[in-house]
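Data first, discussion second: the structure below is written as structure tokens.
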Amino acid sequence: MAMASLARRKAYLLTRNISTSPLRSSFSLSRGFASSGSDENDVVIIGGGPGGYVAAIKAAQLGLKTTCIEKRGALGGTCLNVGCIPSKALLHSSHMYHEAKHVFANHGVKVSSVEVDLPAMLAQKDTAVKNLTRGIEGLFKKNKVNYVKGYGKFLSPSEVSVETTDGETTVVKGKHIIVATGSDVKSLPGITIDEKKIVSSTGALSLSEIPKKLIVIGAGYIGLEMGSVWGRLGSEVTVVEFAADIVPSMDGEIRKQFQRSLEKQKMKFMLKTKVVGVDSSGDGVKLIVEPAEGGDQTTLEADVVLVSAGRSPFTSGLDLDKIGVETDKVGRILVNERFSTNVSGVYAIGDVIPGPMLAHKAEEDGVACVEFIAGKHGHVDYDKVPGVVYTYPEVASVGKTEEQLKKDGVSYRVGKFPFMANSRAKAIDTAEGLVKILADKETDKILGVHIMSPNAGELIHEAVLAINYDAASEDIARVCHAHPTMSEAIKEAAMATYDKPIHM
């Protein structure tokens, strides 16, 4: 098995023109990049989110003189400031409250009175964000990345005009300029987001009080996560979705179990439903909806409406048209496999280019992009980027869904193992969910892995590693997993894929 895995690893590298030798060519100024005394940068990055700041640090580590421009005045982008990080803080805090109120007694822990201190909960979230943004600034200093706070736009393919946060205007020059400006919340026609009664995900992170009724427009990752937060804290949550399913990209079998789990938590769903009007003139909000195919209208009432209808690439105001950078009809910048645009010396990464709008995808884009600039190899396979919904339970996946394999005409085998049969899950009373593995019927190569469990976001990375190195289900099945652990469910699902599980 070990020899077979090594052979697959070498084949993987060769298909991407990556050397199998541990030695890599070193970067030097002889490549024609700027010297430390020059005013011109080797790399200028517009945007300091996950893609931008990671690219900046990696570029500096590769010996490139680097400047990062960030309009927000705080590094980390949407993810750290008003997205991934604060939402995970609230998801954890609200889950702790829910556990104390509804679960502790089952484990012999009696709590006489449990109350929500919302200001303290929000303060903890804000402290986490502040500490992490400061941490990135520290990494910039450590790696000698020049940090400019301000709004950047192109003057030419090698010049960026920056209106700084203190009101001045400066010009930053660079041999290579990377656009990493991320994405912005998408609204719906006829709905004005005021971040008070009609909020985006940003406003939903900082509500001053717990709404009695919350309507979420959109049953994607963000909507379900924020709906979970406020639902645990006492809100009556209704999710309105135009499509026939929640999280349409999710494996169908997993999705059905996931929706049932959320419904047990009293989250209500109105699928195949279209929003046709909104009235926020009174104390609350009235939302007018009708069936997606047309029909009788219904009026829903709520204290707060969360608009979670996706995100759009943030490319406006950059003057991309001034230098001739091509974009598609939704504003995404078109790039090749090296992240180069049609304009020499201009690159783009993260949410502003096609591909999943995920922070970790943007980070990988950033590393690969600057590796190409430095004359090295870079590679990101978007088909092998994991995705996680951080509700309770979590749902995590990597690779293909069963529906995609059927559509592509691929012959495959399925292996499943429920956490109800996992000893660790039973011991700690978190046995909801399952692991599902999809493998090629002939070669046993893993094609997709889907996990629903309280800590699926942590468990999925064994599968991510396996699928990135073209492992077979038997490879995972023959690896010793510690007992008792939740990860044994992955081993058992792998055994079920190519043979039979032990504990089922």
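Any Cβ shown, glycine's included, is placed from N, Cα and C.
Automatic prediction, not curation, is the source of TrEMBL annotations.
Glu241 is the residue from Glu241, Glu293, Glu326 that TrEMBL records in the NAD(+) site together with Gly218, Ala219, Gly220, Tyr221, Ile222, Gly223, Leu224, Glu225, Gly310. FAD binds Lys88, Gly152, Thr181, Gly182, Ser183, Met357, Leu358, Ala359, His360 as TrEMBL records it, and from the list Asp194, Asp351 the residue named for this site is Asp351. Among Cys68, Cys84, the one TrEMBL lists as the disulfide partner of Cys79 is Cys84. A distance of 33 Å separates the Cα atom of Leu224 (NAD(+) binding site) from that of His483 (active site, proton acceptor). Annotation: Leu224 carries the greatest number of neighbouring Cβ atoms among the recorded positions Cys84, Ile222, Leu224, Met357 [cut-off 10 Å, Cβ to Cβ]. Averaged across the domain 'FAD/NAD(P)-binding' (42-366), pLDDT in this predicted model comes to 97. When the recorded positions Lys88, His483 are compared by the number of other C-beta atoms lying within 10 angstroms of their own C-beta, His483 comes out lowest. Cβ neighbours of Gly218 (NAD(+) binding site) (same chain, under 8 Å, six or more residues apart in sequence): Val239, Val240, Glu241, Val307, Ser308, Ala309, Gly310. In three-state terms derived from DSSP, Ser183 (FAD binding site) belongs to an extended strand segment.
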